[in-house]
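**Student:** Could you have a look at this structure, given as structure tokens, before my questions?
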């Protein structure tokens, strides 16, 4: 019975010693603060350094356009579900959010010198009157840039004159456009050559839906009679 007191003291000393060792391990030693405790309560995901985000430029382009050029980006509509977009100099000219796009051809007219929007309209090429489109593009002045993005059906109402006018604006594919093709084009009144900014995607032969043309960056000069388009976007 006399050993009970000393044994209690020994047990207490051992317990204190073990506690000190455990605390020392967790704290990591003098001057270290609480790194090991913090490590225990830190998730692996939070310790990973976040990768820097890629910088975006006007209209979300991955690279800037040269000086004296217009930055633009375009994307055609997807089937009859997702509307097209036309962005110029970081300003959205046409989109579903702006509620100014529609089935058929979505066209924005832009001053080729100042880059200012002249007018933007949508033309129904399935059930609309093609004469409305002809009245819109016949009187264009030289140097006017023409941004075109299709949505659902760009061609059913197209006649020979319509296709000829788009060809004169620099299009290579206007004469071949068919029901529910996807088409993005930037041309200009008065150009002598075909526009380098055009993409045409015929609808899939196995479905009744066109494949959308994604956006892509391309430079456009601020000079009259010079068109710049991107069929996946304009730059």
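Any Cβ shown, glycine's included, is placed from N, Cα and C.
Annotations per TrEMBL:
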type	residues	note
COMPBIAS	195-204	compositional bias 'Polar residues'
DOMAIN	103-190	domain 'ILEI/PANDER'
REGION	195-235	region 'Disordered'
TRANSMEM	7-27	transmembrane segment
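Looking at the shown structure, can you explain where the listed features end up?
**Tutor:** Broken down by DSSP into helix, strand and coil, the compositional bias 'Polar residues' (195-204) contains 0 helix, 4 strand, 6 coil.
In the domain 'ILEI/PANDER' (103-190), the DSSP tally of helix, strand and coil residues is 20 helix, 30 strand, 38 coil.
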